[in-house]
Every structure is written in structure tokens, then in C-alpha cells.
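What follows is a set of notes on a single structure, which appears directly below.
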């Protein structure tokens, strides 16, 4: 179903409340990555260009709800936002202070300091919606949470619409899940099958090839009868992995498993690594990355792909030397003619680490939200926007 778009509304002289996801990583009060602030800029600038006054809402971290906590204050975010916009940004400490005027920007302090935010309290939702004439939901990274500022306010506001960032995210995932150019290849990595079981089952229905990596691949290898040594895998989920492999055969989908792997005695820096065929992993070794023949196998499928969705690395890339497979995969995808969507915190972190983010088709800003979309779930705030359209 369609949603009302911010671009289509007359915002001249109006107060526009924009829910963004400015939940940036911080260390000692310093922002270590401002990607989410930069992603919000076009929406805020569009509202200003249309002659609106802007009030921005966001959460930061996980403070005790209803209590002010300086370490979770949005003050550093207000300063960085002001630098990037090239104009002052007022930090409002309370709902009563959250006022603005055409051409001006106010950032309300962390919405999680407000009692009732996470419980989706109707009274708080009405107050947040009532801060302006138009309520813009633009926080894809929080769209999977039914909170007062994400879902409740959207349902309560006089006028509610989707911002450009949220629209771009939904359109990217629509291209992957609902109207994809085929063949479609999904790469699902990460540590545990248990966190991605619904995702794997849903994707298998939609894609042509499902590639598994990381600890997830270890569980599938064990389910296929291979010895995986000391590798991280989930013994209790071997039947589930076997079911998924059987379903792939039934649906005539490809589910290629690694054919060779990089191993070490433990997951730690500067380990002595070894290359083994999957049938020859010693009992004292851990599988920590894919080998070159596996990479070649995966590239064979990716070379034919028109659409690729990547959720999770194929090795322990955060520790050298176990990132070679993930890096090589990222480099291959960066040169691909396919439409590539990278969604999920670790795979996004990987392409950023290797300086390849700008060469991917679309980088999602929301980890949990993108995971829920890939699982086939409806995002509460998007459902609310669709109901209002």
C-alpha cells in the first residue's frame, strides 16, 4: 500500500515534526560515526526549503525511561547537526521548550527520557504529534518499534507522512523482496542460525540462490554431516538447518555450502591459519572464514545475479586475518552490475571498513528494521502510515 510522501505536501509556514534515527555511536561524549545524522540531512533541508520550521525527534541509546541521563543526551548530536546544516540548532530540554519558526531547527532532547515512549503511551503520542502541523516519520532504523514517537504519533497526528529516507529504504527493499529483477541472490551471514531462522525461511521462498556464511554456515555444514572441529555452531538447530536444506531442494533453489575454509585454533588476532577442504577440518580447529574455492563458487552465482541482498559477513571480519573472504565478496559486489542492497549492522560495517559503501546499490541505515522486512514482517510505523494514506 502507498504512503503519503513529505515531498507532496505544502509545508510553507508550517511546523514540521520529523522523527529521525540519530542514534549514533558515542565514546566519552564524542560522536564516533555521524552517518545517521548525515542520512537525515536531506529530509530536514527539504522541510526548510519548503518554508517550514522544523522540530526533530530521536532517541539515543537505552537510558532508564523517564529519567534524564547526561550520557544519553542529544546535545552532541545538536552540535553536529548544526555544523552539517550550517545553521543553529536549538536543543529543547522539554516538550514545553520544543518550539520553532519557519527556517529554524529545534532538536528535542532524547525521546526515551519521556515516560511512556517505549510503552507507546497514547497521551505522549498525542503530545508529540501535537508539537507541529505535520508529522514526518523518517526513522527507518526505529520503524520496527511500536513506540510513542514512531507508531503512536503517526496514528495520532493531524497529518502524517513518510520522509525521503524512509521512502528510499522501503523502495530498496521492495526492489529486493517484492519486485526483484532476477536471478536474486541472498547472502546471510552472522554468528547464529537462531537469530536468522525466520529470515532464512522467508528468503528461501523469494530468492533463487541463498548463500550462508559465518557461524550460520558452520551449523549448515554440521547438519550436512561435516565435522566442524571446535567451530561455533548450534547443535540444537541441526534439524532446522536440515529442514531448510530440504526445502531448498523441494523449491528448486540453490543453497551452496562452503567447499573450503580458513581455520585457526582460536578466534584471536595473529593466529596461525590453515586452509582445509570442508571434509578435512581437524578437531582442534575453528572455521573462521571461507576459502578461495568457496569464494569462486559464490562468485559463480553472483555473476549471474540481477539483484543481491547481503545481510551479515561470511567470516569473523572484525579480527584479522579472518576478513579476507568478506572483503573479497564486498569488492566483487562493488563491481557488480546487479542491484545490491546491504542491510544489517555487521555487513554495513564491513563494506564501510573496506571503503566500498559508496559503490553498493543501497546501504540500509536500519539493522533491526531491515532484518524484520527481510523476515517478511510488517513494520508498525509503516503500517500506520499506510493506514493514514
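Cβ atoms here come from the backbone N, Cα and C positions, even for glycine.
From a predicted model like this one, the values you see are computed outputs, not experimental measurements.
Binding of substrate is annotated in Swiss-Prot for 21, 22, 23, 36, 59, 60, 61, 62, 145; the matching candidate from 80, 112, 182 at the same site is 112. Across the structure, residue 347 (ATP binding site) and residue 23 (substrate binding site) are spaced 18 Å apart at their Cα atoms.
Taking only the Cα positions, the spacing between residue 318 (ATP binding site) and residue 21 (substrate binding site) is 25 angstrom. You'll find the Cα of residue 23 (substrate binding site) roughly 16 Å from the Cα of residue 346 (ATP binding site). Around the Cβ of residue 346 (ATP binding site), a 10 Å sphere holds 17 further Cβ atoms from the protein chains shown.
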